[in-house]
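Here it is: the structure, laid out below.
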Amino acid sequence: MGEINNNKEINEKDDEINNKRLKYEGFIKKEKKKKQKIDHSIPLKEKPTQEDIDSHSECLFWIVNKKKHRAEFCKYKRAKDSILCNHHKPIDQISSEPQPQLTDYNGDDVTENNNNSTTTTTATTQDDNSKPKERKRIHCPLNPTHIIYECKLQKHLKACPNAKVGQKNAHIELSKKEPYYKENINDLNENVKLTLEPIILSQVSTENLINISIKLDQFFEKFFKNEIQSLNQTHKSFDKIFNSDQQLKHIQQESSIINLLENSNLYNSDNVYLEFGAGSGKLSNHIFMSHEKKSGHILIDRMKFRSLKKVDRLIKNEKGCHHFSRLLIDIRHLNLSNLSILEEKPFVITSKHLCGCATDFTLDSIFNLLNNSNEKVNNNFKGIGIATCCHHICNFNTYSNQSYLKDQLNITPLEFQLICSISSWATIDENKCNNDDDDNEVEEDDELIKKDKKEKKEFENQLKIEFNKQDVFSIKRKEELGYKAKRLIDYGRYLFIKEKLNLPNTKFWIYTNQSKENLFLVSNK
């Protein structure tokens, strides 16, 4: 027994020593990675000395980088019969050179034999005399400092940093050529259009704020006599699919949405799920996984996400996926009638946190689809499940139910704009009203998306912070009014779904307690 205890003590000491060593090594690595301070007082070498030239065996092109305060030789290998690499050789000297030929270890051409064909994988095209063709090198048309093979021009242009600015919006232009594109088809064209600016709450008088707060209380009591039902339960597939704490909050919200879809008979592996405002498509992936990878999906978003390839591949490359497509298009211009798959498969409209007027465009797109399609499409349409958010960026011109504002609320367009602004108060936090709200999180993997989110957040914070300077309401009262404003905006959408889309079985649900953006509109036929 004594020997066993001694061995345990030795092992524990060894583990402790190893842990300390690993921590120390990690610390050293971090210290090495830290940027060294640049001493700009030391003059840069404009030209190399003969000693520098003699000691350098690679390309002898001298690079002076004033930004990094560094001067050094290029580190690429020299080209054949030259003191420079192919990148730095004059273009007239490298305009043509033989294309390399791939060989195996026996010196033979590398080929792949398939059942139906033989494909040569050599990097050269040979003529009758078995002489490799020459590849021409040219300047990049976007940046003359880039020298590339002419045969690889198109590939280079896709990755060229100078092309990225134009590429950010290229998909928007390309979408105009698609059969499902129709200019402003979902722009609620029957609406009254007025010239209205967003209302800044700091510019609203105390009297107007008090008057609109009284109306909000009255309307909320009228339309929401009973509390909105809450179903904050994860789906049965949750524990089987996810076993980590990474982004647990969002995963739980998605699981709760799936649970509500199932309870509303909108959950079936035969369905094609159209996710509006899909972002990187995590809700669709969660639905797909919960169906044991046996469902169809159409992801719709006007943004182009770098990370979309990750989630998209998780769905479309599976054998059980009976349909997949991603539509890079603004919902305002999406003509669902030209999606042929909707005639072939039952489909459900879904979304998690569909921002502002995008919800209204989505409802209008469904209205246009059901009124302009054949009986097959109408029969295949099973229902809607939409989680709304960002009511503060809604506006009168694009609101889906203007008749509700006029006939039931009896408010003016300006009063509606004020209600939209007040809805931003729902997400005020007493301790950190300036901090970003993770509940409306989108994948920030593209500069365009970062800019779009930043502008939206600046506008939201302006509405939150720049309230009337007399501080008419307490923080708690503001949150209450903001919540009521959101629900009244959603109530008009609820009536639109029931009356215009002819879906009387429409319900409100509170689907999460982890976010103040927590309302889910669900309806089935």
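Just so you know, glycine gets a Cβ as well, placed from its N, Cα and C.
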Any idea which of 137-164, 249-276, 305-332, 389-416 is down as zinc finger in Swiss-Prot?
137-164
With a radius of 8 angstroms around the mean position of the C-beta atoms of C140, H146, H156, C160, what other residues of the same chain does the Zn(2+) site pick up?
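For the Zn(2+) site, the extra neighbours are P141, L142, N143, I148, L153, L157, A159, N162, A163.
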Given a separation of at least six residues and a C-beta threshold under 8 Å, show me what packs close to H156 (Zn(2+) binding site) in the same chain.
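Once residues fewer than 6 apart are set aside, H156 (Zn(2+) binding site) is near C140, H146, I148.
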Restricting to the chain of C160 (Zn(2+) binding site) and a gap of 6 or more, list residues whose Cβ falls under 8 Å of its Cβ, or answer none.
C140, L142, N143, H146
Relative to the Cβ position of C140 (Zn(2+) binding site), how many further Cβ atoms are located within 10 Å?
16
